[in-house]
Amino acid sequence: MATAVLFDLDNTLYPYPPCNQAGKAAALERAQELGYDFDHESFAEFYQAGRREVKRDTGGTAASHERYLYFKRALELHTGSPRPGDALALGDAYWSAYLEEMSLVPDAKETLEELQEQGVDIAITTNLTTTIQLAKLERLGLTDYVDLVLTSEETGQEKPASVMFTLPLARLDSRASEAVMVGDDLEADIAGANAVGLETVLFDPSEESDATESADRAATERQADHSIDTLGELTDLVS
């Protein structure tokens, strides 16, 4: 039986796409209120321009996901001058709507409760900045079930870097051979955890048909020790 389970957060314990969509819609609305002449298409181009530059400059760090940076850089490119107040306003609008849209995937809380009752330590290991990841956990109501939270901002490296797995194990006094990693990302979560000896579980609730799955993805999925499409399946694997 596992002594510790490490979970990814984004798109594992809650669905990411609807939250991101809600955040962008709110940021567009706020930009229009501030007097920017954006429609959906032009705002998408504006957002992607900022995102692209930030990822180019900060790739491999928690900052590469920071929406305030995306909006800051996008506004600089769009206006030719710093607009700190507007960048804050767009970032605030994005994250407020994002958090409001969040909801747990089915069986998430029940699974965490059962693991907790079995005496299994639960850690979150996640690629993003600490402030927003803590806000997400609060919003989802998961703080009572989690023994440890580690963000890539704390380590200065992102999954699949080994420190994102070895550090939580060290803090929980657990060995890799006794731990399980659960996540949706084949490279960051599965390959990274495999490299340090954890048992790996790919969480893929999409249930895409064989007709739409590429041979490359099917081959890559074999990197995971297990693949599940509901979190409720996890407790049988761990016990």
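Including glycine, each Cβ sits where the backbone N, Cα and C put it.
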| Matching residue for the Mg(2+) site, where Swiss-Prot names D8, D10 - out of D173, D184, D204 | D184
| Distant-in-sequence Cβ neighbours of D8 (active site, nucleophile), under 8 Å, six or more positions away | I124, T125, T126, K159, M181, V182, G183, D184, D185, A188, D189, F203
| Cβ distance under 8 Å to D10 (active site, proton donor), same chain, sequence separation 6 or more: which residues? | Y16, T126, N127, L128, K136
| message | Please give me the CB contact count at 10 A for D184 (Mg(2+) binding site), counting all chains in the structure. | response | 19
| message | In the three-state scheme derived from DSSP, which category covers D10 (active site, proton donor)? | response | strand
| said: With DSSP assignments reduced to helix, strand and coil, which class does D184 (Mg(2+) binding site) get? | reply: coil
